[in-house]
Amino acid sequence: MINERYNARESEPRWQRQWDDHAIFATKNDDPRPKYYVLEMFPYPSGRIHMGHVRNYTMGDVVARTMRARGYNVLHPMGWDAFGMPAENAAMANKVHPKSWTYANIATMKAQLKSMGLSLDWSREFATCDPGYYKHQQRMFVDFLAAGLVERKQSKVNWDPVDNTVLANEQVIDGRGWRSGALVEQRELTQWFFKISKYSDDLLSALDRLDRWPDKVRIMQRNWIGKSEGLRFNFGLVGAPEGFDTLPVFTTRPDTMYGPTFAAISPDHPLAKALAETNPQIAAFNEQCRKMGTSQAEIDTAEKLGFDTGIKAAHPADPSWHLPLYIANFVLMDYGTGAIIGCPAHDQRDLDFARKYGLPVIDVFKPLGSDESVQDTAFVPAKTETVQYVHWVGEPGVMTCEQAMARSLEIFERDGWGQREINFRLRDWGISRQRYWGCPIPVIHCEVCGVVPVPIKDLPVQLPDDIEFDSPGNPLDRHPTWKHVACPQCAGPARRETDTMDTFVDSSWYFSRFTDPWNTEEPTTRAVVDRMMPVDQYIGGVEHAILHLLYSRFFTRAMQATGHVGFDEPFRGMFTQGMVVHETYKTLDGTFASPAEIRILADGDNRQASLLDSGQPVEIGPIEKMSKSKRNTVDPDDIIGSYGADTARWFMLSDSPPDRDVIWSEDGVKGASRFVQRVWRLVSTLAPHLPAPGGKVDAANHPAAQALRVAAHRALSDILGGIDRLRFNTAVAKLYIYVGDLETMLANAPEGLAADPVLAAAAREAVDILVLLIAPMMPHLAEECWSTIGHSGLVSEARWPEIETGLLVSDSITLPVQVNGKKRAEVTVARDAQNPQIEAAVLALDAVKQALDGKPVRKIIIVPQRIVNVVG
RNA sequence: GCGGACGUGGCGGAAUUGGUAGACGCAAGGGACUUAAAAUCCCUCGAUGGCAACGUCGUGCGGGUUCGAUUCCCGCCGUCCGCACCA
């Protein structure tokens, strides 16, 4: 039979229709089988899907389809993280309404996702900007407020004084507003906060239970929460205004209490503010400090600035020891007490500050065996390193910093001028945003009653559609009528909160909502959410390793506290995938060219690029993350249109480990496409010669058939193992090997099967297994093959066979033999051979004798089933 | 600045987590089939010495632990990600 090439363009939509028609991916909440919840981070509807989405959703789909084939009731939903700034930017730039822009994008992207052949339950789809979704989010805000998990307090924002608007950190470029170019200032606003810090300890300790999370993510979260034990004490103040007799300070390094040469407070410290009222110089200095962005990186890298207040801080251990008190721009009001002791010898920031303002430096401890004093580099050893203490609370001595810190705490507590205190770096979560396209915060401000939550029966507080984007700022705030309402308590005149919620709130509970998105009354249905959650495997980018995951963990606890769910951890398994990167191309005039605009000619190892239309040469630049600005993106539609979804999916799984970046290349896609055809050729060649499905195989006395069965079950075991560990690239490699094995064993003589029923039965089993194994990765091709080899149902609904483990062990094994750690030979022994037998066999080898060169054997190390090392 | 990762042939990577370094794929070179091309198939492919058998070196750099280190420890160098209002 002459085989036609596999035509993905014709086949893929056909199978997608079949899946849709039979609704085979619609999950039933009352299915009695064990559940498995696979979720990929839902996309922001930016316009079109990109290759990062293709990679993310392919990985999730492989897991979903694999678990389905193993008999689980798989939940694999999809939705849209639909609120956010880009919609407002588009509204300003192109005069489109954020709502229509967003929903149009969703329609486009949904069609694109559908063309990928993902096994998604679309019946559960929602967008976070649907009032039917944010209604419940507002309800939970009200519940959290009642439960004491929400509060209002002052916090800082980036303020653009020209546009009169709040800027996001990413809108501040080199300290200036991105549109106006004005110097950005810090401004204090009263804002809403979720009290995530209430859960600091729990969020930290529960990380130990998340054993199916990457270690790096858990470490990052641990550091972010930043639990530290330290000393809290008071400086006595000399020369301070009334009411400021003492200054509370927290330090994590009590062992350096005898090394400070200054004290410093934040420009936002109450004392700094009080001083500013009477001292114009201090007011000006504080003002200058506020001309700085609010991001941590900026604060850390900015030049250290200080202002000597003239006030003296008296050391609690020796009140006659006076330190100058500064106001300093690098001291944060949010952490500890907003005041620090400056110990220049052992903190680089303090040292930079001391050098700049001519303050002394006192060495508290020195490296072992050294008498050198700190010069321009602070001495900051690991806390576990042993050093010699020369100037601290006790006698000079040799110990680790940890030991000295513990001892210092004891002494200071005993002497009664300080207490041990646990502090966390984690700050409360500020959720107020002065923007339109977000979930309205459901409270009403009444002059008489104060802050009143919107009654639950009045939810949702819906965004008005009639808004204007012709000037910067929050359109909700300047809407003529929307914010004016009657107070729910006294019915007097009142106004709505015009701030909306951080979009991280939207994405902090969508996974729970997916379990019953049809419930119009409540955010969740307890019986359902408690059974379908937690998410068994969550997959998304590393960039979300801290914030999104931490907020979701907090929000789930808050939902538990308010009775919306019965568990605290939302994600049992977590996986962070790498980015999709691509070469960049620079034209002669310095602009970037897109991959679609250029042609590459390869001459040996030399690659030359030129523009398609003009023939101008193009410089091939470094490989970078796909981005619009570098123009190195590849449109998934183009790839699916020319090669098919299966090829794109296969390529995304090949080669690179999923947690690392993958380089998109035209050659790589071609290789993937070749494999699609190779599988099709193999299966369609064999199809006419295979016996009917469902027969039994007994190949015990048939070496060729037995070899086939061994290959098939080994493939089943290896590939399943690869997918379970999410090592898709190795699973792909094993599939290449398996296809190669089948080609050698079967494809050369398919006619022979007719005369050999045992071999034919084994071949049927082996080909069935091949098709089942490729199905999670290339589902359309698999369906085409499955029907070609005579199955009536869909492979997407087929169960995987049990692995016959008996086929995986052989009677003899081959061990590498080393002499003094270098491989010199191999030896084949019975699987159950005892050590003396192995030693004898090894010492009899010529290569071993030669390598020993007459030296006596000192010992022989035998690692069972692994290796033999002869030490001479 | 702080925190987290990563670094192996021409390229992406594999190595059962301390046990044969380079599986599998891509690129390249040679050959078969073809009038030709495409497609497909076969062979070679870390460096170096040797006609060969085979030997030596080799996992970013420098040290260390071990019978044995890509894997563990210490110190460098380089690249990438996050830093609380991008999502």
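Quick reminder: no glycine exception, Cβ is built from N, Cα and C everywhere.
Copied over from TrEMBL:
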type	residues	note
DOMAIN	A:38-172	domain 'Methionyl/Leucyl tRNA synthetase'
MOTIF	A:43-53	motif ''HIGH' region'
DOMAIN	A:222-377	domain 'Leucyl-tRNA synthetase editing'
DOMAIN	A:426-583	domain 'Aminoacyl-tRNA synthetase class Ia'
MOTIF	A:625-629	motif ''KMSKS' region'
DOMAIN	A:625-664	domain 'Aminoacyl-tRNA synthetase class Ia'
BINDING	A:Lys628	ATP binding site
DOMAIN	A:711-834	domain 'Methionyl/Valyl/Leucyl/Isoleucyl-tRNA synthetase anticodon-binding'
Subject >> Long-range Cβ neighbours of the motif ''HIGH' region' (A:43-53) (under 8 Å; 6 or more residues past either end) >> reply: 80-82, 84, 86, 102, 105-106, 108-109, 112-113, 127, 541, 579-580, 626, 633-637, 652, 664
Original post:
When the pLDDT values for the domain 'Aminoacyl-tRNA synthetase class Ia' (A:426-583) are averaged, what is the result?
Top reply: 94
Subject >> Helix, strand and coil totals (DSSP H, G, I; E, B; other) for the domain 'Aminoacyl-tRNA synthetase class Ia' (A:625-664) >> reply: 17 helix, 3 strand, 20 coil
Subject >> the domain 'Methionyl/Leucyl tRNA synthetase' (A:38-172): DSSP-derived helix, strand, coil residue counts >> reply: 68 helix, 25 strand, 42 coil
Original post:
How does the domain 'Methionyl/Valyl/Leucyl/Isoleucyl-tRNA synthetase anticodon-binding' (A:711-834) divide up by DSSP, counting helix, then strand, then coil residues?
Top reply: 75 helix, 17 strand, 32 coil
